[in-house]
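Asks: As listed in Swiss-Prot for this protein:
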| type | residues | note |
| --- | --- | --- |
| ACT_SITE | ASP8 | active site |
| ACT_SITE | GLU67 | active site |
| ACT_SITE | ASP139 | active site |
| BINDING | ASP8, ASP139 | Mg(2+) 1 binding site |
| BINDING | GLU67 | Mg(2+) 2 binding site |
Amino acid sequence: MAIVLGIDPGSRVTGYGVIRQQGRQLTYLGSGCIRTVVDDMPTRLKLIYAGVTEIITQFQPDFFAIEQVFMAKNPDSALKLGQARGAAIVAAVNLNLPVSEYAARQVKQTVVGTGAAEKSQVQHMVRSLLKLPANPQADAADALAIAITHCHLSQNTLRLGNDQMTLSRGRIR
């Protein structure tokens, strides 16, 4: 059994989702958003760090999964996203959580079946996979999808002694 915290980072809204994995069964534990309503970037980063720390303390996850930075058309947006990711990652590392990173296309491919999925498709599949009564809000759904991706991909990882091997298309890499 493992508890996984997924994070969808953002400088204004950071989504989080927490699930429990027991074998192939996934159970929803919680989700939501950390909203930073101030304009001052250092204060936003402090709020993200504090929010993620609080979530980790509340749910006691075993694993921390976060979306990788993608290259946006606006370099300023990419830098702010990177800073938000950094604040969340530092919170996890300070509490000794192992950090895994996943590309947005990889998350969509894992959860929906296509890397070009729309946000509404991700929300629908997260609702279906976790048997939720309604679609979660978009940022929380993305965070839950990141946690689901971590669970799915960790099932395809074999640990042999100190070596780690990953199954890819039926082959060990």
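Our numbering is plain: 1 for the first residue shown, then up by one each step along the chain.
Every residue gets a Cβ built from N, Cα and C, even glycine.
How about a rundown of where these features are and what they're close to?
Replies: Taking a C-beta cut-off of under 8 angstroms and a sequence separation of 6 or more, ASP8 (active site) has the following same-chain neighbours: THR14, GLY15, TYR16, GLY17, GLU67, ASP139, ALA140, ASP142, ALA143, ILE146. Look at ASP8 (active site): DSSP puts it in a strand.
GLU67 (active site) carries a strand DSSP state (E or B).
The local packing around ASP139 (active site), expressed as other Cβ atoms within 10 Å of its Cβ over all shown chains, amounts to 24. DSSP assigns ASP139 (active site) to a helical segment in the three-state reduction.
The Cβ neighbour count for GLU67 (active site), using a 10 Å radius and every protein chain shown, is 25.
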